[in-house]
Amino acid sequence: IFSSRFYLEAAPVLTCVTFSVFLPKGVWGWRFPVLNTMNKLYIGNLSEEASPLELESIFEEWKIPVSGPFLVKTGYAFVDCPDEKMAMKAIDILSGKVELHGKLLEVEHSVPKRQRSCKLLIRNIPPHMQWEVLDGLLAQYGSVESCEQVNTDTETAVVNVKYAAKDQARQAMEKLNGFLMENYALKVSYIPDETAVQDPPPLAGRRGFVPRGPPRQGSPGAGPGMRPKLQSDVPLRMLVPTQFVGAIIGKEGATIRNITKQTQSKIDIHRKENAGAAEKPITVHSTPEGCSSACRTILEIMQKEALDTKFTEEIPLKILAHNNFVGRLIGKEGRNLKKIEQDTETKITISPLQDLTLYNPERTITVKGSIEACGRAEEEVMKKIRESYDNDVAAMNLQSNLIPGLNLNALGLFPSSAPGMPPSMMGGPPPGAQASYPSFGQQPESETVHLFIPALAVGAIIGKQGQHIKQLSRFAGASIKIAPADGPDAKQRMVIIAGPPEAQFKAQGRIFGKLKEENFFGPKEEVKLEAHIKVPSYAAGRVIGKGGKTVNELQNLTSAEVVVPRDQTPDENDQVIVKITGHFYASQLAQRKIQEILSQVKRQQKPVPGVQPALRRK
């Protein structure tokens with residue numbers, strides 16, 4: 001569960017003893033507490049033939065003691081263990097692994113609805129899971145207030161997580177339970193809130209009957225299809241010929257209302273976009289299944305309208321997707337796309353990179369085949385795109401923890417999920433798009449980073465008549481300049497970027513992306529660039545650390561190469577250079593960590609007598 005630098009060998013924990021490991025700011029402190037009294041178990045997915053004697057026999061066979069009788073209902077049962085350790089043992093050994101009358105038992109903590117709190121127990125975490133990956137995954141569902149590792153005998157890791165609000169914990173519970181990570185299915189359950197007040201009696205109903213919320217999994221009426229499905233964060237975006245828009249809407253909107261009702265979707269037809277264009281975009285907000293159903297219905301309507309109007313041209317399915325996802329959709333040497341074509345018996349083409357602009361980063365995926373084949377292809381294409389989006393969100397949430405107040409929606413690195421809005425800056429960035437930091441009486445301090453790019457890429461970054469670099473500067477809210485070449489044979493050029501942390505993130509992210517799009521790096525090659533940060537000479541030692549300890553920790557934590565060249569002569573401002581080399585996220589993480597070190601050094605500097613110290617970002 002720890003990165004290699006912070007891996008700890010867990011020692012046995014004595015009764016009533018808790019010890020903590022304090023890690024650098026921005027990284028959670030993990031604690032190994034004595035387990036609480038969560039000893040009540042719920043046993044689901046029971047056969048109707050199951051008896052208390054059979055359950056007792058299973059628990060005895062696996063040497064799991066119980067402190068009371070098994071209370072067996074139709075399809076589920078309850079039992080108490082002597083302590084939480086035995087309850088955890090039962091969950092780890094029995095849940096999803098032991099059968100009774102041909103059905104796998106589901107064992108979890110028994111938590112009444114009134115006691116469901118902001119705290120979750122997450123089990124079966126891969127033993128070598130990287131810290132940053134878990135951090136980013138948990139942060140997708142809300143603000144994580146604490147995360148404590150539980151000391152167990154299992155090979156996989158177990159953690160207690162506390163979210164800031166109950167609805168965040170509920171969403172994490174729904175999304176993460178059964179979530180596959182490195183072939184390990186996560187198991188999530190509530191940690192009961194023992195201080196929760198009793199539920200008030202119902203206003204109506206049978207005497208003596210107190211509802212306990214929706215039925216549990218495995219209890220009567222709680223089949224797998226009963227759980228409500230959540231709307232996807234990535235809507236389906238389609239392009240349809242303008243002449244078919246009227247048929248899709250129908251008389252007085254009847255057809256589109258019918259589609260919306262049948263597929264449980266929200267459908268936006270952007271008729272006013274691109275006036276006079278031959279095609280119009282449609283955005284479908286729903287579950288993945290709802291999006292696919294709406295897609296098939298729209299294709300069928302267009303096919304019928306084409307027959308009625310004797311429209312002879314083929315009507316392909318056209319999907320709009322943000323360019324950031326297209327590379328992963330295509331796959332190495334086009335393998336992913338070829339597999340989708342073969343599996344669905346379709347022909348798929350993707351619009352060229354040259355059609356992109358800074359403010360329209362979508363590419364058109366054209367699918368040709370029968371309606372049924374196109375429907376299957378849409379499912380596979382959108383599945384890949386949603387996977388890419390989820391991975392990017394996890395990585396971005398890690399960055400937002402490192403950059404206070406980072407406005408993810410303003411970055412334009414992947415589509416916005418705001419209802420009714422087309423993805424990612426279709427209408428350009430908001431006026432004066434600046435970093436959205438909490439107010440501390442002034443804007444965040446500006447930073448200067450020197451980013452080194454291939455000399456041949458300068459034209460692509462500048463653009464025709466300087467248009468691209470101007471647009472990029474406005475979008476990021478940063479000053480971006482290309483330094484003169486060191487000589488006629490220079491293989492690299494320096495890009496000078498000045499602006500606050502969020503502006504740095506946006507500007508550097510777009511430069512990394514542009515170099516990949518323009519094929520300055522091979523299809524299998526990761527974009528790695530060198531960045532220089534100038535630090536006060538008196539702070540260089542703090543960046544290096546005693547015996548190089550700090551710089552080694554930085555490299556292990558960020559996966560970037562961090563070097564403070566020896567025997568540097570400070571410049572006229574008494575500053576020296578720190579070199580950072582790595583892919584985009586690694587470089588950003590290292591830059592933020594170094595800036596944190598510099599902030600600590602500055603705070604420790606004594607103020608000059610008679611001079612009012614400047615306010616700094618906390």
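Backbone N, Cα and C atoms are what each Cβ position is placed from, and that goes for glycine too.
A TrEMBL annotation is a machine prediction, not a hand-curated record.
So that you can see what the record holds, here are the features copied from TrEMBL:
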- 205-218: compositional bias 'Low complexity' (COMPBIAS)
- 39-112: domain 'RRM' (DOMAIN)
- 118-193: domain 'RRM' (DOMAIN)
- 205-229: region 'Disordered' (REGION)
Segment confidence, the domain 'RRM' (39-112), expressed as mean pLDDT: 86
DSSP residue counts for the domain 'RRM' (39-112), split into helix, strand and coil: 21 helix, 19 strand, 34 coil
Helix, strand and coil totals (DSSP H, G, I; E, B; other) for the domain 'RRM' (118-193): 20 helix, 31 strand, 25 coil
